[in-house]
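A.B. asks: Mind having a look at this structure? Questions to follow.
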Amino acid sequence: MSDLRTAPTHTALLIGLMTFGLFFGAGNLIFPVELGRLAGPNATVTGAGFLVTAVGIPIVAIISSAVSGCSSVHDMTSRVSPTYATIFTCLLYLTIGPAFAIPRTATVSYEVGVAPVLHSDGVALPIFTVAFFTLALVAALKPGKLMDWVGRYLTPLFLALLAILIAATLIYPMPTTARPPEPPYDHQVFMRGFLDGYNTMDALASLAFAIVIVEAINRRGLTSRHDVTRMTIRAGLIAAIPLTLVYVSLAWLGRTSTVAVPHADNGGAVLAGVSRHYYGAAGQALIAAIVLVACLKTAIGLIVACAEIFRRMFPAGPSVRLWVVIFSVGSAVIANAGLTTIIAWSTPVLMFLYPLAITTIILGLLDPWLGSSRIPHRVMTGCVVLAALPDLARSLPVQGAATRAMTRAADAILPWASDGLGWALPAIIGLAVGWAVSLVSGRSRRWGTSS
């Protein structure tokens with residue numbers, strides 16, 4: 001058996017690259033570019049907020065899972081109640097699985113990297129999704145080789161392709177002109193970046209990837225909670241470095257693209273335009289390769305993580321291999337709804353689930369101090385569930401009288417509710433009250449026993 005002192009550095013490096021590779025996918029390419037382009041002179045502050053939710057929280061989430069000693073997000077949330085754990089876990093994995101995130105990897109690959117080349121009608125999307133998810137299915141059916149697929153092959157390939165594009169922007173900068181920030185990046189810019197980080201879904205995905213990462217560490221002979229936690233921290237720090245560098249580079253690319261690419265609907269269109277600006281016709285092939293590799297490796301990791309957790313939650317149900325097939329086929333079907341529809345309906349779900357995910361992460365980090373008491377988990381989570389509902393209502397594509405009334409009430413009662421952070425103060429209060437009640441009840445039980 002190996003331990004942390006004898007574990008070679010390349011193990012931490014390999015797992016760190018695997019972690020980076022699993023995180024960096026479709027949305028991670030598009031959103032920082034769009035942020036940099038629209039925020040303009042506010043890009044630095046907005047980008048800092050983005051890095052908190054797109055880099056900091058996901059890495060901390062993996063560490064939280066290791067600290068708590070839980071094998072899954074279901075275990076982490078079961079202290080609230082078994083029913084809540086099942087509902088939350090299903091919602092989380094469906095969101096980062098076949099409902100939104102996995103289909104998005106295929107639609108972004110198609111609309112950014114393939115559609116501009118083919119200039120074809122809607123028939124090409126079903127054909128592309130079948131090919132895309134066939135490749136993902138083949139890789140996901142061999143989860144034991146996931147580290148090799150992602151850490152050794154797909155991640156270095158992706159970084160090399162992206163480096164070619166970013167290097168050109170550094171060596172031969174695009175002409176720029178002074179341009180004011182566009183709404184909503186002209187006010188409360190840090191919070192705007194913080195909420196933009198939700199779109200990557202990485203805080204949710206990190207709770208799923210924690211299973212894959214911890215099992216990869218275990219296969220290297222590190223099994224104690226102490227060693228797994230320390231290796232997770234090392235790998236997380238390694239992953240955070242390229243994540244931050246790539247995000248900053250992409251945001252800078254977006255900020256300096258306004259003259260070379262004057263018209264673009266989203267970050268993907270900016271990337272395509274910058275590639276054409278530097279490399280002409282070959283630029284479109286370059287961006288197609290970058291997007292395809294980024295999205296494919298993310299899809300593989302998500303399919304594996306979703307299959308493993310659903311097998312654990314429903315042991316009498318399908319096998320892991322059958323779950324892999326189910327998620328691959330289901331994702332291919334939903335992907336044909338198109339990128340715009342997927343993003344529109346994912347936003348309200350993210351506004352509700354993200355606060356709950358952050359709550360789970362905080363409680364996991366505090367596990368050594370909270371002990372076995374369920375009270376802090378229940379009180380804090382209950383407060384956040386109620387406070388996050390208005391955020392869900394506010395983000396729905398279709399608004400009604402009931403949703404508008406809910407959001408107006410939340411704005412009047414909860415601080416920062418109009419900014420999508422109305423859950424923050426209830427979370428703090430819920431944790432403090434739950435912890436205090438837990439301490440008091442614990443002392444009461446001890447006094448009762450001693451008397």
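Each Cβ is built from the backbone N, Cα and C atoms, and glycine gets one as well.
Here's the feature list from TrEMBL:
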TRANSMEM  12-31  transmembrane segment
TRANSMEM  43-63  transmembrane segment
TRANSMEM  84-103  transmembrane segment
TRANSMEM  123-141  transmembrane segment
TRANSMEM  153-174  transmembrane segment
TRANSMEM  194-214  transmembrane segment
TRANSMEM  235-253  transmembrane segment
TRANSMEM  285-310  transmembrane segment
TRANSMEM  322-345  transmembrane segment
TRANSMEM  351-370  transmembrane segment
TRANSMEM  421-441  transmembrane segment
A.B. asks: Could you tell me what the rest of the chain brings near the transmembrane segment (84-103), counting residues at least six beyond its ends with Cβ under 8 Å?
C.D. replies: 25, 72-75, 77-78, 201, 204-205, 207-208, 298-299, 302-303, 305-306, 309-310, 313, 327, 330-332, 334-335, 337, 342, 345-346, 349-350, 353, 356-357, 360, 381
A.B. asks: Count the CB pairs under 8 A between the transmembrane segment (43-63) and each of 12-31, 153-174, 235-253, 322-345, then give me the winner.
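C.D. replies: Result: 235-253.
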A.B. asks: Under a Cβ pair cut-off of under 8 Å, which of the recorded stretches 12-31, 123-141, 235-253, 285-310 contacts the transmembrane segment (153-174) most often?
C.D. replies: 285-310
A.B. asks: Can you see whether the transmembrane segment (12-31) and the transmembrane segment (322-345) are touching - at least 3 CB pairs under 8 angstroms, only pairs 6 or more apart in sequence?
C.D. replies: no
A.B. asks: Should anything in the same chain at least six residues away from the transmembrane segment (322-345) have a Cβ under 8 Å from its Cβ atoms, list it; otherwise answer none.
C.D. replies: 97-100, 102-104, 106-108, 111, 125-126, 129-130, 132-133, 136-137, 140-141, 199, 299, 303-304, 306-308, 310-311, 397
A.B. asks: So what's near the transmembrane segment (194-214) in sequence-distant terms, Cβ-Cβ under 8 Å and 6+ beyond its ends?
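C.D. replies: Tertiary neighbours of the transmembrane segment (194-214) are 15, 18-19, 22-23, 27-28, 31, 35, 46, 49-54, 57-59, 61-62, 65-66, 71-73, 76, 92-93, 95-96, 100-101, 143, 146, 228, 232, 235, 301-302, 304-306, 308-309, 343, 346-347, 350-351, 353-354, 357-358, 360-361, 419-421.
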